[in-house]
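The domain 'Cation-transporting P-type ATPase N-terminal' annotation in TrEMBL covers 17-90. Here TrEMBL flags 63-88, 94-110, 257-276, 288-312, 702-723, 735-754, 775-795, 807-824, 844-862, 882-900 as transmembrane segment.
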Amino acid sequence: MIKRSTDHNMDPPQSMNWHSLTHAEVRQALHAEMDGLTDAEVKQRIVRYGPNRLTPPKRRGTLLRLLMQFHNILLYVMLGAAVITAFLGHWVDTGVLLVAVVINVVIGFIQEGKAEAALDAIRAMLSPHATVIRNGSRREIEAAELVPGDIVALASGDRVPADLRLISVKELRVEEAALTGESLPSEKSTETVSADAPLGDRYGMAYSGTLVVYGQAIGMVVATGGTTELGKINQMLTGIQSLSTPLLRQIDRFGRVLALAIIGMSAATFVLGTLWRDHTPAEMFMMVVALAASAIPEGLPAIMTVTLALGVQRMARRNAIIRHLPAVETLGSVTVICSDKTGTLTRNEMTVQRILCAGHVFDVGGTGYVPLGDFSIDGRIIDPDHYTALSMAIRSGVLCNDARLREEDGMWRVEGDPTEGALLVAGGKAGFSQHAGDTAWHRIDSIPFESQHRFMATHHRDGDGESWIFVKGAPERILDMCSSQLNHTGEHPLDVDYWRRMATDTAAQGLRLLALACKRAAPVDGQLAFSDVEGGYMLLALVGIIDPPREEAIHAVSECHHAGIRVKMITGDHAETARAIGAQLAIGVGKPTITGAEIAMMDDAVLRRVAMEVDVFARASPEHKLRLVQALQDDGQVVAMTGDGVNDAPALKCADVGVAMGMKGTEAAKEAADMVLADDNFATIATAVREGRAVYDNLKKFILFMLPTNGGEAMVVIVAILFELTLPLTPAQVLWINMVTSSTLGLALAFEPAEHGIMSRRPRPPGEALLSGFFVWRVLMVSVLMMTGALGLFLWELSDGTSVNTARTMAVNAVVVAEMFYLVNSRYILAPVTNWEGVTGNRYVLLAIAACLPLQIAYTHAPVMQGIFDSTSLSPLEWGRVLGAGLLVFCGAELEKFVIRRTRLASHLVSA
Ligand code: ATP
């Protein structure tokens, strides 16, 4: 028995056994009607029930996150050393060590926060949506805004946004693995079941978090947020994973091995220094701690993560939302992009341009969605009412239609499928309004359009109470259902050849084709089923719809070709239309086009060859996409594949980079994808590839900056010990350099924009080792240059009679200045930076240098610092010499790039 209550003291909805209640009881309990809640009711309910959101798992608190930063081998070593130095009474060293520890912790903490914030912003962009009926009209809202009592429409590919009691279903199949673990979809109905039925048997319910794999339904929200079944087991659905990628893990491992090697070398230096060179153990201990502290790349994993997060953020700003971080790396090595056509390569702004009836070809005038335009035959304007087949075709296009055409502030907009919107606009031009049609031709039932079966059907009753079934869809599909055709004299037997010829000719002009047909009959079992669309239809017309390519897609395809990336178009459209549009985009020109049916006949070996040769695949279904991805991968290609439907999920998962459409894509496709295009635009994929390459470059650039700067500094000291020279840097000074430069200068490279010409390179071979022979060479060369500059200057000053303290001050400045210069070199791996763009192109580089300069000036000239570090003021001439040491590194690095460019060019010319 349902407790009747006012809205004010209504029972919390979660306490009900909704699956055992009838619709009337559910409506009564929730005080809701089929035309939806009003805005005022929604407001009240959202206050009472809260947003429809699961509480995210608790994050680590700020303090814990801060403390976690100390959990790092290097910091343990430094803290241990600080304690020992304190015992030894080396207070300056203790102080510097502690400050260095704090700086490392704070920088790590800020970097982690920045990376997390970047990901949070992206998570928010992926928030799910729901279609609700409120105030009697349909609208799309954020799923978080749903309240109990809302009426929700479900379609295939949707994640069910809240717990729903189903009110009407059309072949609804829902995969409930998220809740029940059962991966086979269960068939839904609207029936009640007994109150104690287990979750999997509650056919009249659709539960939050489960996936609609087929069909449509309308349901009433009965539970939201934490009170849903999903909320009760408190399981968050898959979101963005943690900040790690194979490359980052590889670098992490490398960092650890390097740290161990450095500790080993430090121990050797200690032994060498004390036993062989007679330094005191206390002095040598401090030195090796300082050396280890500067050489171990403690900032490496953090900066890598920030570089990646910044890249992901940059991509998101340009509409490419990364869901799965390793995709950022993979994007840089993509060799083939397989793209849908409609809406991705084309604008998805459809306009009916031609209607072909038996005996007449009508041109339709007007542009855009404004329903104004003339119908003409060979340039002669006609009245559509005088042509029976034409007016019947237009009517069927308007009736067999799920879209809406609306005027708002003088602007005409289509809600729903643009192909259907185009038919509504054509209807408007002929004077058929959707609403007039609704009353005179009442729709009783429908089979919605699904790419798999390529048609849609609706059942109507006309003003005289007669039943009609209208179908529209791909011409081949509809022709199979027809046995007759309508022309101005009435019904005649179907002339299949005529229609096939017309279809091919029209498609060859790049027009998208639909066929329209009807039958005066009622569904056999009362409900419209597939058996009702098998035959006996009368063909009315073929409709040619124009959907021009996107300008930016044409440009992006050519950019991809330059970048050594093949672009393939996989579309559900007619082969001729696909070929013509492909030609406009420079895809598949001069190559054959093959269809899904042909793919189905090929074995894997043949398909592997064909998949590489052919660029346009037409009338392809999701299973063909999957086979194509596999065939291309077998051929060694790295494949990005786009998709939008629920059935595209396997292909998206299989592809190296699965790309889902953000606007027209289903939740299922988005969840299976690595990347979501917020604007559904092909050009965004090309942008993402460019950014992916840039991120990889920046990771490389940072390592190429950090290793030799750490190495050079260490080398200065080790060489001095080996050759029994006066130490050019004291332990405290080594720590100072580390404090000023490590993690600050290099971070600027994470902001480096993509290099010019980044899209003229070939894709990076997948699995290419980051640390190549070239890397080792560059690291060694720059280390030696830095060592030569700093140690050379120090020795030269000493031999000139300068005091040790002044010579050391110059050595410290030489190391820091050399790092600043080399930071500019590092902006481009091989290209010269000796130009305006090279020097000023990244303001973070300039800012980082500008931040370090005053520190060095203070170090040199401030009396306090002189007291701590034994530094001395330098004359302008001495500063000039310091600058010279920096320039040595700068010029050396640029010269090396020049030689490499020259030799590469030469070998390229020879091989050409
Ligand atoms: P792509 O895969 O590039 O997005 P597409 O949008 O052309 O291609 P589908 O949406 O699968 O592919 O459409 C395939 C065919 O189905 C179209 O060529 C058209 O003939 C027909 N079709 C498209 N939309 C509808 C619709 N709403 N109702 C009936 N038939 C349709």
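Backbone N, Cα and C atoms are what each Cβ position is placed from, and that goes for glycine too.
Taken through DSSP, the domain 'Cation-transporting P-type ATPase N-terminal' (17-90) splits into 45 helix, 0 strand, 29 coil. In this chain, the transmembrane segment (807-824) touches the transmembrane segment (775-795); three or more CB pairs sit within less than 8 A of each other, excluding pairs fewer than 6 residues apart. The transmembrane segment (735-754) makes no contact with the transmembrane segment (257-276), as judged by fewer than three Cβ pairs under 8 Å among residues 6 or more apart in sequence. Computed over the domain 'Cation-transporting P-type ATPase N-terminal' (17-90), the whole-number mean pLDDT of the model equals 83.
Only residues 6 or more beyond the boundaries of the transmembrane segment (702-723), in the same chain, are considered here, and those with a CB under 8 A from a CB of the stretch are 251, 262, 265, 269, 272-273, 277, 279, 287, 291, 294-297, 299-300, 303-304, 307, 729, 734, 737-738, 741-742, 745-746, 749-750, 770-771, 775, 778-787, 790-791, 794, 811, 815, 818-819, 822-823, 826, 829. Residues of the same chain lying 6 or more positions beyond the ends of the transmembrane segment (257-276) and with a Cβ under 8 Å from any Cβ of it are 73-74, 77, 283-285, 287-289, 291-292, 295-297, 714, 717-718, 721-722.
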